[in-house]
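Features as listed in Swiss-Prot:
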type: BINDING; residues: GLY37, GLY38, HIS39, ASP57, LEU91, ASP105, GLN112; note: S-adenosyl-L-methionine binding site
Amino acid sequence: MPEGKYSYHEPVLLEEAIASLNCRGGGIYVDGTVGGGGHAALILERSAPDGFLLGMDVDGDALQAAEKRLMPFGRRKTLVKANYADMRKVLADLKILQVDGILLDLGVSSHQLDAAERGFSLLKDAPLDMRMDSEAGRSAYDVVNTCSERELKDIIRKYGEEIMAGRIARAIAEKRKDTPIKSTTQLAAIVAGALPGGFRHKKIHPATRTFQALRIYINNELSNLHRAIFDSTDCLKPGGRFSIISFHSLEDSLVKNGFRSLEKGCICPADMPVCACGQSPRLKVITRKPISPCRDEVEANPRSRSARLRTAERI
């Protein structure tokens, strides 16, 4: 397999993300979204000869792909089926007190998008699912067919930032009266049909934001990310790096504000003359502006175009 190409998923911002971690021999690192193992493999290469990596993912398919790709690194890695929000517990179970770096890549993998049966892609006809862990939780089918019209409107508006959320929710509620909405293409057509003509000729498919909203809601993505930022920071050694690759404004805003909050420390009101909360800064922000893919990467991998990398360092 050519260097930099992966059959499961091509990692985004590969060099930039790994460079941001300042990998060194003997270091301990966590890839909380190990996917096909692309980022993890380079972390292990850069932390040779005795660096260690914990790879986590809720997707069983991803872990199988990562196990195969990382096999040459032998006992220098451990893979665990778990959500990155539970990183502190997983590390405690492994009796690892602190680590030198943490990486999260929040994007849906190419494999998840291309595997029609996972139900992530609006362009491939498949049963509505969208669960990162296909064995747990409610599927997109459950949400689309059982949530009230008001609940659907709130989900689509909050997590998809879709200004036509009301029209879309109404169209879904009307359509499912006749028969359950079962497939991705069926849902995509309903959403597209609910929008005025001017909304159907933009660069992205008219159902993109609705599919994003459902995926985020079903997988608790934003709450898991918030928990990971504030809990996992304490797992870092002083000088350890926390790097996160986000793919849409909701994620990027959460990462930016989370890092800034942990850099500030004090949460007292601005008009208080003396700090009463006792909270001290825990991070130093390294990337004041996020790092984006270069033109060559976007041309080679169009799915990388919206990626943003932010890094902070443990104080």
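Just so you know, glycine gets a Cβ as well, placed from its N, Cα and C.
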Using DSSP reduced to three states, classify ASP105 (S-adenosyl-L-methionine binding site) as helix, strand or coil.
-> strand
Do you know which of the binding-site residues GLY37, GLY38 has the most other C-beta atoms within 10 angstroms of its C-beta?
-> GLY37
Secondary-structure category, per DSSP, in which ASP57 (S-adenosyl-L-methionine binding site) falls = strand
Look up GLY37 (S-adenosyl-L-methionine binding site) in the DSSP assignment and reduce it to helix, strand or coil.
-> coil
Nonlocal residues around HIS39 (S-adenosyl-L-methionine binding site), in sequence order (Cβ under 8 Å, 6 or more apart) = PRO11, LEU14, ALA17, ILE18, ASP31, LEU103, ASP105
Give the number of CB atoms, excluding that of ASP105 (S-adenosyl-L-methionine binding site) itself, located within 10 Å of its CB.
-> 26
